[in-house]
Amino acid sequence: MLADIIVLSNVNNRMSSRVHISVYNFLRFTHFLPQFAFVFCLIITIFKDMKKSTKTHCKVPNVFPSMSAIIAGFEPQRFVWRMSFALTSVPRYFIAYLQLQRLLNRSHIAYRDFYRWVQLINSLIHTVELTFLLQLTYISSNENKRMHEYGFIGFTLCSLIHMLGTILIDYYWPRTKKICLNERERACRRKRLKWFLCNFVSLTISSYFFYRHNRFCEPFIYSAYCLCEYFVILTNIGYHSIIRDEWDQTDGQVHNCNALFFLRQTKQNMSVS
């Protein structure tokens, strides 16, 4: 049975209303909206601002716009992208907190005190990653190039460290007894490793093309960089969307009361092997 997110709101301190949303649908919304915004902005940019968005400092021909041009260079793309993150940024922090609680309640974990600190640090890295992503979204390279670059570097490093740390902990952290994973848990492990490797390879190749573009200014090399950049974004979203499968039978509630949000993760019926 899927868990429910319960949203409570007080009206004049006399009435209350509830809205029940399945956690699965909540997670789908959080991960689908950025994908939709990306595809929408890319299509609009190609058909509406193709010439301006593919222009580079060395004036060589290109066929794909960069992420910076897609999400911040033109309107209405900038508004759509920023609105999508305005709607999903707070839920992303909520999800990170609930996932941390889920991991801390895993059974048969050896060195539990040390494990707790490792998970807290890994979760903190993920929170910093989300913050750098917000910085990238709301401070474009046209507005403040240095801050945008710092945001990109910080987001990239924190993303890779968090993904790799999660995989290493999941695969190699010692247990007090042998645990047999079910098919869903094994599938989640495979997906997480696959998305991480795709993300790392895409980032490595994009860095190579970015270097070649700035060093030699060859035709269409910047387009190759942009294409790899798309894969970096999509594989990052794909990696974090795996949580939908992991939370299949997890009970969670989000309460909104007098505009203050509280989170509660119940410990019953949790899949935390």
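Including glycine, each Cβ sits where the backbone N, Cα and C put it.
Listed features, source TrEMBL:
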type	residues	note
TRANSMEM	26-47	transmembrane segment
DOMAIN	28-244	domain 'CWH43-like N-terminal'
TRANSMEM	114-138	transmembrane segment
TRANSMEM	150-173	transmembrane segment
TRANSMEM	193-211	transmembrane segment
Positions on the same chain near the transmembrane segment (114-138), where near means CB under 8 A and six or more residues out: 71, 81-82, 85, 89, 92-93, 96-97, 99-100, 103-104, 147-148, 150-152, 154-155, 158-159, 161-162, 165-166, 169, 173
The domain 'CWH43-like N-terminal' (28-244) [mean pLDDT, rounded to integer]: 92
